[in-house]
Amino acid sequence: MVTTLRQTDPDFEQKFAAFLSGKREVSEDVDRAVREIVDRVRREGDSALLDYSRRFDRIDLEKTGIAVTEAEIDAAFDAAPASTVEALKLARDRIEKHHARQLPKDDRYTDALGVELGSRWTAIEAVGLYVPGGTASYPSSVLMNAMPAKVAGVDRIVMVVPAPDGNLNPLVLVAARLAGVSEIYRVGGAQAIAALAYGTETIRPVAKIVGPGNAYVAAAKRIVFGTVGIDMIAGPSEVLIVADKDNNPDWIAADLLAQAEHDTAAQSILMTNDEAFAHAVEEAVERQLHTLARTETASASWRDFGAVILVKDFEDAIPLANRIAAEHLEIAVADAEAFVPRIRNAGSIFIGGYTPEVIGDYVGGCNHVLPTARSARFSSGLSVLDYMKRTSLLKLGSEQLRALGPAAIEIARAEGLDAHAQSVAIRLNL
């Protein structure tokens, strides 16, 4: 039975707080094993990759090679349905156009004292994109991670993807070429993260690593952080749908299940002010569950982590939605636009009944790599800015140094940093 929380219940706040703090995935204690893998790849390079690939992915990289060849990518295009390739091209183009609008501008100005200040944006030189293998090997994720890097001007985009039993998803290779990925390597797991961070004989190191993965990949990203940058540690997917009774229950149910089929730990939440509508949506979910290829996964997700929150009024939904800070927030109420300015915490907002979150997953243009597990309270989805860095600029002449120098000397001496003070004083003959 799906969890139901009623705002009218006297213990609602207690139950809601417990709901927010509930864990949806068990954190495996893999740090020791991962550290051993990372250290070995750092020491042994390619030979460690070959050994781990034999053990974990049952593939002999000495025969296949670590790098994916252009011929293999050509073959992937030949194997891919033309209609799917065209759909991926549409998605790529829309992602590119939207992310191009995020490009920041350099700024340089002269203040009233004649001091020149500014900031300059430059792209990271090389980034690594981790793509999971198996059922989570999605070409859309390749586009979402690689296209902002391309727009930002990253020179070298490196993709690593495991090849269990030697198999690679051809659509992942197609998406990589469409997005301008520079190099592809058939390695996965913590060993791939280590290779990207420290380099091997075959794989040159990068400056930042992005992309989702399992507990081993997440642990490896945490371990190498500092040597390289990372994007985020993503958790299971989630959606919050705020909907009134004028919606078609089947539509809302389909949107809830679109998240539930991702993962048994995914979470789908309906928030409404109408109990009869909530029941209709629950019934629609049960009907649709049996039509899905991933029925077992979606059923477990909905059973274990699905929720219906009944509010007295949609005015009450806004602070609750901000506390949930969902990865995806659908607003399907009469005046959806009026809600948007009042939402502070959400990874991405989907406005109105004709904007299912799935469009954002694929072809909307906005990025689908978003903060999960309430981290939208303090972080944002992937963007062009994740592949760029800002450098401050400052220029003084002798007059400006004379104007500002004495104050700098005073602060330096107050902090007990004599060399700091002398650095300015020596120029002013003080």
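Every residue, even glycine, has its Cβ placed from backbone N, Cα and C.
For Y130, Q191, N214, the entry in Swiss-Prot reads NAD(+) binding site, with the evidence type sequence analysis. DSSP gives Q191 (NAD(+) binding site) a helix state. Within its own chain, Q191 (NAD(+) binding site) has I37, V38, V41, A48, L49, Y52, S53 as residues 6 or more apart in sequence whose C-beta sits under 8 angstroms from its own.
Cβ neighbour count for H328 (substrate binding site): 27 (other Cβ atoms within 10 Å of its Cβ, all protein chains included). Swiss-Prot lists S237, Q259, H262, H328, D361, E415, H420 with the feature substrate binding site, giving sequence analysis as the kind of evidence.
Taken from Swiss-Prot, the feature Zn(2+) binding site applies to Q259, H262, D361, H420, supported by sequence analysis. The Cβ of H420 (substrate binding site) has 15 other Cβ atoms within 10 Å, all protein chains considered.
Other C-beta atoms found within 10 angstroms of the C-beta of E327 (active site, proton acceptor) number 29, with every protein chain shown included. Per Swiss-Prot, active site, proton acceptor is recorded for E327 (among others).
The active site, proton acceptor annotation in Swiss-Prot covers H328 (among others). Look at H328 (substrate binding site): DSSP puts it in a strand.
In this view, Q259 (substrate binding site) is surrounded by 29 other Cβ atoms within 10 Å of its Cβ, with every protein chain counted.
On a Cα basis, N214 (NAD(+) binding site) lies 18 Å away from Q259 (substrate binding site).
N214 (NAD(+) binding site) falls within neither a helix nor a strand when secondary structure is assigned with DSSP, and so counts as coil. Looking only at the binding-site residues N214, S237, the densest Cβ neighbourhood within 10 Å occurs at S237. When each of the binding-site residues D361, E415 is scored by how many other Cβ atoms sit within 10 Å of its Cβ, E415 comes out lowest. Within the set of recorded positions Y130, N214, E327, the entry lying nearest in space to H420 (substrate binding site) is Y130 (CA atoms). Among the recorded positions Y130, N214, E327, the ones whose Cα sits within 10 Å of the Cα of S237 (substrate binding site) are E327.
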